[in-house]
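S.K.: Let me begin by handing over the structure; questions about it come next.
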Amino acid sequence: MFEASVDSGQASHNTEEQLEQSIGELVSVDGGYGWVCALAIFLINAHTWGVSTSYSIFLTHYVETDSLVGATTLNYAFIGGLQYSQAFMIAPVALRLMALCGMRTCLLTGVIVQTGSLIGASFATHIWHLYLSQGIGFGWGVGLFLIGTQNNISQWFSHRRSLAAGLAAAGTGAGGLLYSFVASFMIQSTSIGWALRVLAIVSGTVNFICSILIRDHNNQVHAVYEAWNLKFLRNPFYLVLLVFAWTSMLGEIIILTQIPNFGSLKLGLNGTQASVIGAMIAVGQILGRICIGFLSDKLGRLNVASLVTFLAGLWSVVVWPQAHSYGVLIFFSICIGAFAGSFWAIVGPVSTEVMGLQDLPTSLSMLFLALVIPTTFSPVIGMQIVTSNDGSYLGTQLFAGLMFIVSSIFCWIIRSWKAQIINKMKSAGDIQYSVGIDSMRTGRQKAFFGNSDNFSSSFLSAFFSATKA
């Protein structure tokens, strides 16, 4: 059984190498100006998602001061979910904007929306003000950047795609590290209003410069900018990818929003100590996403994604419940930061493998749209579980861990499917294949799927292969 598992893993990695050769010949140069784009996306992630990560600091302040009219703890937690869900909700609109006006216009619109939303939040006096500004408006700004940059790395890189994507995704951790301390310092030394204004000015300036620097290959790859394409839902492995994304984001957002709050409420940490916890999560994100990207190129993206997602679940159910001291919580925060964010390091490269470069924008738009529900309600779910259990975090810890473990199982199913493809292609004497929903139905792919065009049987075969492995 061990030998079979090793063979399957090697076959999966070989599949990925051959895929890179197939799609890499289109436009990728494996670097060059692509590294400038990767650095620019790193900085954009730092000043969009990094700012969003620092919301845990604002959440702690809002809960402690209760300064807004008509607000409850769940109201404040709901805003954190809105930042994520609205970033995904705006995906079809952002994709249409890219189709009409181009990538740069989409990014510059994001600069205006995000900067304006943070400035608006600085003057909030009622909870609904915060819903519209720091929740919905900020989320829309981040979403415009997300759609504008998500498929850029895949166009510039082939063999180093995961490393470049990991480096770019590490910007979230770098920004979270920076803004956790900056936000905490500004709130304590001035006011929450001025903290938001400083964040708006700094992030807006950096994002504007980076938006000018980024270039794309959308014309060369003939990228399709459809808000959705229902035929994608006839691909069972795209559906598996959606479930992987759903469960992964449920676990990740609960982790990000609840750990600093856990430290404050259960361990009695002060504001500075809570900001350190947020910063340690960010350190883990920086180290983890770079390492995940590097290892993914060496060992296979789906192999690494399955492993680290499972480790995130294991850490949540084993280590987090034992975090009864400040030191243990710091250790857990670094580790979970490294493991929990694996989705962002691999979603672009893995989506490219499942759907192909041409359909990547549309497939990502649909994927992000599907994440609206879990990202909206995951912070509220985490907080409600705590409230219904008289302040105990055990239920939240187990729920987050279970989501990660389920996510790793579905990621493993996709991996096993790919291993079967390469084995079938080898047995047919043909080692080249292309990806994308249309090519999966015709030509050489029938060596695996057969002439019956029955995707369900292929899915079940991959599922049982995964359980055996």
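Note: Cβ is positioned from N, Cα and C throughout, glycine not excepted.
Predicted automatically and left uncurated, TrEMBL annotations should be read as such.
According to TrEMBL:
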type	residues	note
TRANSMEM	76-95	transmembrane segment
TRANSMEM	107-125	transmembrane segment
TRANSMEM	131-150	transmembrane segment
TRANSMEM	162-182	transmembrane segment
TRANSMEM	194-214	transmembrane segment
TRANSMEM	235-256	transmembrane segment
TRANSMEM	276-295	transmembrane segment
TRANSMEM	302-320	transmembrane segment
TRANSMEM	326-347	transmembrane segment
TRANSMEM	367-386	transmembrane segment
TRANSMEM	398-417	transmembrane segment
S.K.: With pairs closer than 6 in sequence left out, are the transmembrane segment (276-295) and the transmembrane segment (367-386) joined by 3 or more CB pairs under 8 Å?
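M.R.: No, the transmembrane segment (367-386) and the transmembrane segment (276-295) are not in contact.
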S.K.: Apart from its near flanks, which chain residues at least 6 from the ends of the transmembrane segment (276-295) lie with a Cβ under 8 angstroms of it?
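M.R.: Result: 50, 53-54, 56-57, 162-167, 169-170, 172-178, 180-181, 255-256, 259-260, 263, 269, 304-305, 308, 329-330, 333-339, 341-342, 344-346.
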S.K.: For the transmembrane segment (107-125), what are the same-chain contacts with Cβ under 8 Å, counting residues 6+ beyond its ends?
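M.R.: Here the qualifying positions are 44, 48, 51, 68-69, 97, 132-134, 136-138, 140-145, 148-149, 192-197, 199-201, 203-204, 207-208, 210-211, 214.
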S.K.: Near the transmembrane segment (302-320), which same-chain residues lie under 8 Å Cβ to Cβ, leaving out any that are not at least 6 residues past its ends?
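M.R.: For the transmembrane segment (302-320), the list is 9, 12-13, 16, 248, 251-252, 255, 259, 288, 292, 295-296, 328, 331-332, 335-336, 338-340, 342-343, 345-346, 350, 393, 397-398, 400-405, 407-408, 411-412, 414-415, 418.
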S.K.: Of the listed stretches 162-182, 194-214, 235-256, 326-347, which one has the most C-beta pairs under 8 A with the transmembrane segment (131-150)?
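M.R.: Per the Cβ under 8 Å count, 194-214.
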S.K.: Counting Cβ pairs under 8 Å to the transmembrane segment (235-256), which of 162-182, 194-214, 326-347 comes out on top?
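M.R.: When the Cβ pairs under 8 Å are tallied, 326-347 comes out ahead.
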S.K.: When you scan the chain for residues with a C-beta under 8 Å from the transmembrane segment (162-182), skipping those not six or more beyond its ends, what do you find?
M.R.: 34-35, 38, 41-51, 53-54, 56-57, 149, 153-154, 156, 195, 198-199, 275-276, 278-279, 281-294, 296-297, 301, 337, 341, 344-346, 348-349
S.K.: Are there residues at least six beyond either end of the transmembrane segment (326-347) with Cβ under 8 Å to its Cβ atoms? List them, or say none.
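M.R.: Same-chain residues near the transmembrane segment (326-347) but 6 or more away: 150, 162, 165-166, 169, 172-173, 244-245, 248-249, 251-252, 255-256, 259, 262-263, 267, 269, 273, 276-278, 280-285, 287-289, 291-293, 296, 301-302, 304-305, 308-309, 311-312, 315-316, 319-320, 364, 367, 404, 407.
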S.K.: Please give the sequence-distant neighbours of the transmembrane segment (194-214): residues at least 6 beyond its ends with Cβ less than 8 Å from one of its Cβ atoms.
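M.R.: For the transmembrane segment (194-214), the sequence-distant neighbours (Cβ-Cβ under 8 Å, at least 6 residues beyond its ends) are 36-37, 40-41, 43-44, 46-48, 51, 54, 58, 103-104, 107-108, 110-111, 114-116, 118-119, 121-122, 134, 145, 148-149, 152, 179, 182-183, 186-187.
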